[in-house]
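For reference, the structure is listed below as structure tokens.
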Amino acid sequence: MSPLINTILILSMITGTLITMNSNHWLLAWMGLEINMMAIMPLISKTHHPRATEATIKYFLAQTGASLLMLFASSTNAWYLGTWDITQLTNPMSCTLLTIALCMKIGLAPMHLWLPEVMQGTTLNMALIIATWQKLAPMSLILMTSNSHSKFMLMLMATLSIIIGGWGGLNQTQLRKIMAYSSIANMGWMIIILQQTPKLTTLTLILYIIMTTTMFMTLIPQKTKTIKTIGTTWTLSPPLTIIMMLTLTSLGGLPPMTGFMPKWLILETLLLENMTTLATLTAMATLLSLFFYLRLLYSTTMMVFPNTTNTTQKWRLQAKITLTMLTMTLTTPTALMLLPILPLMNP
């Protein structure tokens, strides 16, 4: 793909997201989502591999279906109330349809099946964008309409996502699929607390994006795509292996890493709201996610898979200052060492 075309598509993708995040009118928000979707599709399929083409079609069908449902919900609400304002969503049918549409856009269970397939079919760079940047526009709409959603439906889908996100990742060997199921589980943690404390949802989203970016930044330079190849990363770059190991513990929510902070605050809020059963269920379900993070950590640090080469050392990575390395330098401290600010957080 031409660098000029690539730049135009990335700028269009960013513009679409910003239009949606700054809009107060349903048609403008829908238009931003469509611009974003039309810009990212050529980027997903730019390798021209059959898997990439398949991933693009799946992404298109899932996102178009969700956009159609969202447009229908906003049109029905405007028909009944005479307003297209995003915050004025009160019609019960429109609220239910909008909840389903936006949850489908972020890949929340049970509308999650497109996400692992799409992330697996594209490159590591595009998988990172799908897992992080593409969540911003739908999540901003979910936060703006947080009081309009059905509480029972949100809780049900969020709990399902935490369970399915952990369960689905157990049997995977492909890292992109594992990160997709990690995304599903993390989205569940954000949505479960949405109506109680939207600020905590925003905090969890920001920390999730930082931790996922750090994780992908350790995979991209080494072109690591499976659990088998993750075992040989120490021969390429020992510092990257250490960062990967610590980021995995943070994603799993183990103290004293950053990832423990949002889980602690969310469980504390659920207990304060007398949702003890739900808090217990989510805490137990997150052990499933923790298992596959620890399996990756074990593969990275404590196993040496059989090598086809005669030497234990591969050629080391060249110490070049690249955009990937700069991004990792910025995100790693935040992804690992934010737990000490926990006393300042009020759920």
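Every residue, even glycine, has its Cβ placed from backbone N, Cα and C.
Automated prediction, rather than curation, is the source of TrEMBL annotations.
Quantities reported herein were computed from a predicted structural model and do not represent experimental measurements.
According to TrEMBL, the domain 'NADH:quinone oxidoreductase/Mrp antiporter transmembrane' annotation covers 23-288. Feature annotation from TrEMBL assigns domain 'NADH dehydrogenase subunit 2 C-terminal' to 290-345. The transmembrane segment annotation in TrEMBL covers 56-76, 96-115, 152-171, 178-194, 200-220, 240-258, 278-298, 319-342.
Most Cβ pairs within less than 8 Å of the transmembrane segment (178-194), among stretches 152-171, 200-220, 319-342, belong to 152-171.
Against the transmembrane segment (56-76), stretch 96-115 has more CB pairs under 8 A than any other of 96-115, 152-171, 240-258, 278-298, 319-342. Within its own chain, the transmembrane segment (152-171) is flanked in space by residues 96, 99, 103, 108-110, 112, 116, 177-178, 181-192, 194-195, 278, 281-282, 285-292, which lie at least six positions past its ends and keep a Cβ under 8 Å from the stretch. In this chain, the transmembrane segment (200-220) lies apart from the transmembrane segment (96-115): fewer than three C-beta pairs between them fall below 8 angstroms, excluding pairs fewer than 6 positions apart. If one looks beyond the transmembrane segment (319-342) by at least 6 residues along the same chain, the residues whose Cβ comes under 8 Å of a Cβ in the stretch are 207, 210-211, 213-214, 217-218, 220-221, 243, 246-247, 250, 255-261, 264-265.
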